[in-house]
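J.: Got a structure for you, written out below as structure tokens; questions coming shortly.
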């Protein structure tokens with residue numbers, strides 16, 4: 001996993017890596033520029049007529065100037081607009097400026113006519129991770145102007161005006177794409193900044209794991225290459241019992257679709273046996289979504305230890321007797337998955353929280369989390385509350401969102417990279433619940449069950465949405481789950 005380090009640590013890491021590897025800062029800048037251009041030439045449509053690059057005086061501006069040269073070498077029409085006297089700019093800025101080919105049109109900002117032509121791209125390389133105050137003067141004027149332009153907008157490393165570790169406090173460049181180098185910055189994970197970031201792309205520029213590992217950060221970014229090592233392997237002689245026996249408890253009258261989705265997702269994630277325990281007087285009235293699902297009539301005297309994993313809450317309703325809830329926690333001492341009304345009942349009866357088996361996995365969305373711990377002024381405060389809650393109760397907290405945040409009992413926080421906006425549909429969270437329960441039932445440790453569940457869930461959403469877009473529903477996500485294993489090379 002990639003560490004998420006502070007803006008100050010980024011500067012120290014660059015210096016440390018340059019010294020250890022015996023390379024120059026200009027070499028590292030060239031790597032970043034090449035990584036950006038490699039992404040740009042594949043991701044951005046070829047019918048663009050003009051690329052405008054706006055460069056500040058620091059090394060972020062130097063990145064932009066290097067990119068201007070490399071794009072021109074690939075026959076793009078490039079117009080570079082720089083904001084300050086070259087003599088006042090960073091050493092690497094000046095070095096790259098001297099290497100600009102004549103075919104790059106170069107204009108100082110105060111001499112620019114302000115025109116941005118149609119079918120063009122704006123690349124923002126004004127400010128990087130070092131900014132710690134609101135934009136003012138010509139910088140604010142420029143960003144406000146660029147935000148109004150009808151062009152595709154791309155930010156280099158971080159949108160100008162956005163602090164690396166804090167909530168935005170002024171004018172910020174509104175990018176359609178943000179291309180961040182080596183690791184994402186913390187503020188790129190905040191939902192408040194969605195309109196500034198656009199689509200996030202993290203490009204490897206060759207900084208070693210050893211160099212990145214010198215900082216104790218406690219925050220990480222989960223990617224596709226991290227997932228295979230978390231998975232268990234099964235062999236030819238494995239039987240359905242090896243793949244786990246899972247129970248999903250929930251599904252009150254009118255809400256039985258929720259546990260159906262969770263249970264079906266568990267099957268598609270690989271569970272050997274999956275049972276539904278609906279919250280109905282006669283649980284056998286429910287119609288399972290597929291024939292492979294089985295029904296289970298639970299009561300406080302039933303033995304639950306035959307199950308390898310249990311998830312409670314999807315569609316459960318708020319009229320569940322607390323004594324029954326307590327009986328589940330007493331009858332099953334292994335980690336469980338709690339979602340939806342299972343969480344809402346905890347919020348209404350906080351004494352229950354202390355009875356939850358350690359290392360259990362709670363999967364709230366933002367409103368459910370708010371009911372558990374109270375309102376937060378912003379995502380930074382919400383993250384701190386998630387950390388405190390997980391540590392205090394010995395639980396794993398999966399805070400669902402665009403970059404779902406997994407907080408472990410030791411306070412480590414891991415942001416997920418997979419998924420997209422089309423997953424914001426009814427039942428999507430129920431699918432995640434079933435997937436995490438499935439991994440638990442297959443014998444994964446709770447941490448790995450949560451991380452695999454979150455990543456595969458997001459990837460399934462990405463795959464399903466390629467054909468359905470806004471019309472994607474939770475069942476589409478379930479049908480795409482098997483493909484996620486193929487995509488990641490997991491047998």
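Even glycines carry a Cβ here, placed using N, Cα and C.
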J.: Hey, TrEMBL has AMP bound by 400, 401, 402, 403, 404. Any idea which of 394, 411, 427, 429 it lists too?
T.: 429
J.: Of the candidates 27, 88, 92, 124, which one does TrEMBL list alongside 60, 160 as binding K(+)?
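T.: Between 27, 88, 92, 124, TrEMBL records just one in the K(+) site with 60, 160, namely 124.
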J.: Do any of 160, 400, 401, 403, 404, 429 (binding-site residues) have a CA within 10 A of residue 129 ((6S)-NADPHX binding site), and if so which?
T.: 160
J.: Report, as a single number, how many Cβ atoms besides its own are within 10 Å of the Cβ of residue 401 (AMP binding site).
T.: 19
J.: Measuring Cα to Cα, how many Å separate residue 429 (AMP binding site) from residue 132 ((6S)-NADPHX binding site)?
T.: 36
J.: Cβ distance under 8 Å to residue 60 (K(+) binding site), same chain, sequence separation 6 or more: which residues?
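T.: Within the chain, residue 60 (K(+) binding site) has Cβ neighbours under 8 Å at 125, 126, 127, 128, 156, 157, 160.
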J.: Give the mean pLDDT for the domain 'YjeF C-terminal' (223-488) on the 0 to 100 scale.
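T.: Averaged over the domain 'YjeF C-terminal' (223-488), the predicted model reaches a pLDDT of 97.
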J.: Compute the mean position of the Cβ atoms of 400, 401, 402, 403, 404, 429, which form the recorded AMP site, and then list in sequence order the other residues of that chain whose Cβ is within 8 Å of it.
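T.: Sorted by sequence, the hits are 365, 399, 405, 416, 419.
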J.: Validating a neighbour-count step here. Other CB atoms within 10 A of the CB of residue 129 ((6S)-NADPHX binding site): how many?
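T.: Summing over all protein chains shown, residue 129 ((6S)-NADPHX binding site) has 25 other Cβ atoms within 10 Å.
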J.: Highest Cβ count within 10 Å among the binding-site residues 62, 429: which residue is it?
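T.: Max Cβ neighbours within 10 Å, all protein chains included: 62.
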